[in-house]
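Participant: Pulled from TrEMBL, these are the listed features:
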BINDING   Asp24, Glu211  Mg(2+) binding site
ACT_SITE  Asp24  active site
BINDING   25-29, Arg37, His41, 69-71, Trp73, Arg75, Arg192, 198-200  substrate binding site
ACT_SITE  Asn72  active site, proton acceptor
Amino acid sequence: MEQQALKSQIDLDKLPRHIAVIMDGNGRWAKQHGKPRVFGHKNGVTAVREVTEAAAELGVEYVTLYAFSTENWKRPKLEVGALMRLLVETLSKEIETLNKNNIRLKAIGDLSKLPDITHKALLDGIAKTQHNKRMTLVLALNYSGRWEITEAAKSLSEQIKSGELAPEDINQDTLGRHLSTKGMPDPELLIRTSGETRISNFLLWQIAYAELYFTPTYWPEFRKAHFYQAIIDYQRRERRFGKTSEQLV
Ligand code: FPP
């Protein structure tokens, strides 16, 4: 269906506040076109732009993109280097557009282990957009859910050791406040492209009740229409949070 027709089917009063995306299929898309994997990542930037724009136009508050996992370091050095440079390039090109559109940039993950130029470009982008209010675009970089939960456990233990916190004070809210997503609502919708149906260590704690949407479309081909389709699908589902259908009415 055409993009505008899909957009008009979305109920703006029932939008997810936070949408998380596992951008997958860049390599396979490139291969399909007889090109190196990096060609897929470069074309993936178009999809990043489309999703960011579509989400901001609709009024979604947070979009989190899985841009680089802690496992991605195992890829060929050449690909990792190219991805890191692509991030720097994209950030320096797009920060102005983010500002024009009142979008705040944020990053989650172990950023200190990123190459210096990537880390710097990221911190620069975050600083330059920090006062923007319309939407927050979160890049998950050198991120994994298990890493994040482990870090939360460490920081809670430190607080117990120093006497700041008692073990019986730990509950789900306390733990949530020690995650890198503190202050953000949990994603209600998680999209994964390319036909894979795994979570791959992404936002493990936060997606406890998220609706999962899998599409065969490769990430470089993902456009606004695909994004709208995912939201329409989400809105057709009944979210029960453990209750019965009758209890919801
Ligand atoms: C997954 O496809 C994609 C990635 C690990 C990288 C995503 C990065 C970008 C789209 C580049 C720029 C991003 C931002 C936020 C500016 P894959 O390589 O795993 O594909 P495959 O499964 O087909 O091999």
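Cβ coordinates are placed from backbone N, Cα and C, and glycine is handled just like the others.
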Participant: Could you measure between Trp29 (substrate binding site) and Asn72 (active site, proton acceptor) for me? Cα positions, answer in whole angstrom.
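Facilitator: Counting only the Cα atoms, the answer is 18 Å.
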Participant: Could you give the Cα-Cα distance between Gly25 (substrate binding site) and the residue listed as 'active site, proton acceptor', in whole Å?
Facilitator: 14
Participant: Looking only at Cβ atoms, how many others are within 10 Å of the one on Ile199 (substrate binding site)?
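Facilitator: I get 15 for this one.
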Participant: Please check each of the binding-site residues Gly25, Gly27, Ile199 and report the ones with a CB atom less than 6 Å from an atom of ligand 1, ordered along the sequence.
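Facilitator: Close enough to ligand 1 are Gly25, Gly27.
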Participant: Give me the Cα-Cα distance between Gly27 (substrate binding site) and Asn72 (active site, proton acceptor), rounded to a whole Å.
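Facilitator: One finds 13 Å between the Cα atoms of these residues.
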Participant: Could you tell me the C-alpha distance between His41 (substrate binding site) and Asp24 (Mg(2+) binding site) in angstrom, no decimals?
Facilitator: 10
Participant: Sorry to bug you, but what's the C-alpha spacing from Asp24 (Mg(2+) binding site) to Trp73 (substrate binding site), rounded to the closest Å?
Facilitator: 16
Participant: Pop the Cα-Cα gap between Asp24 (Mg(2+) binding site) and Thr70 (substrate binding site) into the table, whole Å please.
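Facilitator: Taking the Cα atoms only, Thr70 (substrate binding site) lies 15 Å from Asp24 (Mg(2+) binding site).
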Participant: Work through the binding-site residues one by one (Asp24, Glu211) and point out the residue whose CB has the fewest other CB atoms within 10 angstroms.
Facilitator: Glu211
Participant: Within 10 Å of the Cβ of Asn72 (active site, proton acceptor), how many other Cβ atoms are there?
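Facilitator: Taking all protein chains shown, Asn72 (active site, proton acceptor) has 16 Cβ neighbours within 10 Å.
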